[in-house]
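K.L.:
Have a look at the structure that comes next, please.
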Amino acid sequence: MKVAEQRTTEWQDIQQKIGLSSFALKMIAILTMTIDHMGFILFPQAFWMRGIGRLAFPIFCFTLTEGFSHTHDLKRYIQRMLVVGLLSEIPFNLAESGQIFSIEHQNVFFTLLIGLIMLHYCVKASGNAMKAEVVIVAMFAAEFLHTDYGAWGVLLIAIFWFTREYKWYQPVLVGGWNFLFGIPIQYAGIFAILPIALYNGKKGRSTGYFFYLYYPVHLLILYGISQMIVIGR
């Protein structure tokens, strides 16, 4: 026990010295997401870009659980996620399929929104059985609405939430999640645990609305570039 406690203390010291704030994690997620989307939209043969992008979603899920635990206005948080999800849908559809409207696949903000609502009801639920029911309902909702990452995405949010006091389990569970996802390229997502493990518990600089606006705007820009390339040919 003393050895484990000593290792925990040593790791906490490392986190404080070279650790990453929530702001830094979000910037890493945004960067890797952008590389991923550039690969998907502009360079479909560059699988290495898609591999780098696998780090983004786990980091976003982790920062969501941190945001939930620290928010002073959950209602506003939920409303913000909903509004951005709606605003991002057309840019997402254009970037993914070239269509303005599509019911086949919804953007990741709806996955995060469902996860956020799930966390709210998990906190209110009494007993593990009821908490499990909340998670299952949320997973079904994500699948029914065809959100990005679907039930697996919601499950990852739940994993981060329920292991927030047992962070040593996260590498195993997150690693298992990436391998069980069923898509080989998703295996690269295991590396997301490295920046997450360096999280120092600090908020860092405020992103304001930058994070929320960046998602739909960068999709529109990449789609526009792809169309200019097509016209140029």
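Just so you know, the numbers here start at 1 and follow the chain as drawn.
Glycine too: its Cβ is placed from the backbone N, Cα and C atoms.
Annotation comment: TrEMBL describes 20-41, 47-65, 77-95, 107-123, 135-162, 174-199, 211-231 as transmembrane segment.
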K.L.:
Tally Cβ pairs under 8 Å between the transmembrane segment (174-199) and each listed stretch (47-65, 77-95, 107-123, 135-162, 211-231), then give the stretch with the top tally.
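P.N.:
It is 47-65 that shares the most Cβ pairs under 8 Å with the transmembrane segment (174-199).
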K.L.:
Out of 77-95, 107-123, 135-162, 211-231, what stretch is closest in contact terms to the transmembrane segment (47-65), meaning most Cβ pairs under 8 angstroms?
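P.N.:
Ranking 77-95, 107-123, 135-162, 211-231 by Cβ pairs under 8 Å to the transmembrane segment (47-65) puts 135-162 first.
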K.L.:
With pairs 6 or more apart in sequence, are the transmembrane segment (77-95) and the transmembrane segment (135-162) linked by at least 3 Cβ pairs under 8 Å?
P.N.:
no
